[in-house]
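Undergrad: Once you've had a glance at the structure underneath, I'll fire off some questions.
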Amino acid sequence: MQDEDGYITLNIKPRKQALSSAEPASSWWRVMALVLLISSMGLVVGLVALGIMSVTQQKYLLAEKENLSATLQQLAKKFCQELIRQSEIKTKSTFEHKCSPCATKWRYHGDSCYGFFRRNLTWEESKQYCTEQNATLVKTASQSTLDYIAERITSVRWIGLSRQNSKKDWMWEDSSVLRKNGINLSGNTEENMNCAYLHNGKIHPASCKERHYLICERNAGMTRVDQLL
């Protein structure tokens with residue numbers, strides 16, 4: 001517009017300020033986003049905690065299951081061996097029960113199966129024969145094992161005890177040394193008597209070239225619980 005002096009006057013009207021409602025809306029969304037973030041983090045933490053608890057519980061239950069299985073197996077073993085023992089007393093002969101994990105003609109005692117073989121062999125030949133049966137010559141390091149074996153034999157039997165020479169220690173087939181305060185050898189331990197046999201409940205040294213019957217031993221495995229009855 002032109003004024004009285006001929007100058008042009010600009011009539012500029014101030015622009016209306018933008019609605020301030022956008023700013024509160026933006027703040028509201030930020031608050032909501034923060035709430036959702038915190039909630040999500042809480043959910044993740046909760047899920048992780050549940051996962052840890054679940055894994056811990058699974059490990060506990062697995063350990064309990066293993067303990068119960070071991071206890072059941074021990075009870076089953078004792079019961080099975082008692083069934084066999086009572087049957088042998090009753091029949092006065094070797095008895096095989098279907099609960100035994102041992103092969104036919106092998107006897108079940110403790111954690112082992114014992115094979116009594118009537119083969120006249122040298123000690124080395126006996127050792128090899130047992131190896132072929134996936135076994136070793138018997139170890140009678142405990143009195144209970146010695147008594148069990150002695151009650152079931154009448155003839156001389158090679159066992160898994162030997163030494164390299166008269167200056168060396170007597171050792172079992174598993175490389176353990178014969179304990180001085182444990183089972184003792186009876187008779188003379190002269191030179192060239194570097195292998196041992198069992199007879200009449202006692203262990204005797206002998207020449208390894210002698211020929212005798214033998215006893216093999218191998219791990220029994222698990223008692224057949226489902227065959228107890």
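Backbone N, Cα and C atoms are what each Cβ position is placed from, and that goes for glycine too.
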Undergrad: The disulfide recorded in Swiss-Prot for Cys216 goes to which of Cys113, Cys130, Cys195?
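TA: Answer per Swiss-Prot: Cys130.
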Undergrad: With the disulphide bonds as Swiss-Prot has them, who is the partner of Cys102, out of Cys99, Cys113?
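TA: Of the listed candidates, Swiss-Prot names Cys113 as the partner.
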Undergrad: Where does Swiss-Prot put phosphotyrosine, among Tyr7, Tyr114, Tyr148?
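TA: Tyr7, according to Swiss-Prot.
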Undergrad: Just choose from Cys99, Cys208 the cysteine that Swiss-Prot connects to Cys195 via a disulfide.
TA: Cys208
Undergrad: Which residues, sitting 6 or more apart from Cys113 (disulfide bond) on the same chain, put a CB under 8 Å from its CB?
TA: Pro101, Cys102, Ala103, Trp106, Arg107, Ala135, Glu217, Arg218, Asn219, Ala220
Undergrad: Summarise the domain 'C-type lectin' (109-217) as counts of helix, strand and coil residues per DSSP.
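TA: Once the DSSP states are binned, the domain 'C-type lectin' (109-217) shows 18 helix, 39 strand, 52 coil.
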Undergrad: Please name the residue among the disulfide-bonded residues Cys102, Cys208, Cys216 whose C-beta has the most neighbouring C-beta atoms within 10 angstroms.
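TA: Counting Cβ neighbours within 10 Å, the top one is Cys216.
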Undergrad: Return the residues near Cys130 (disulfide bond) by Cβ distance under 8 Å, restricted to its own chain and a separation of at least 6 in sequence.
TA: Gly115, Thr136, Leu137, Gly160, Leu214, Cys216, Glu217
Undergrad: Going along the chain, which residues six or more apart from Cys195 (disulfide bond) have their CB under 8 A from its CB?
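TA: Residues satisfying the criterion: Trp123, Trp158, Leu161, Ser162, Pro205, Ala206, Ser207, Cys208, Glu210.
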Undergrad: On the three-state reduction of DSSP, what should I expect for Cys102 (disulfide bond)?
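TA: Once the DSSP labels are grouped into three classes, Cys102 (disulfide bond) ends up as coil.
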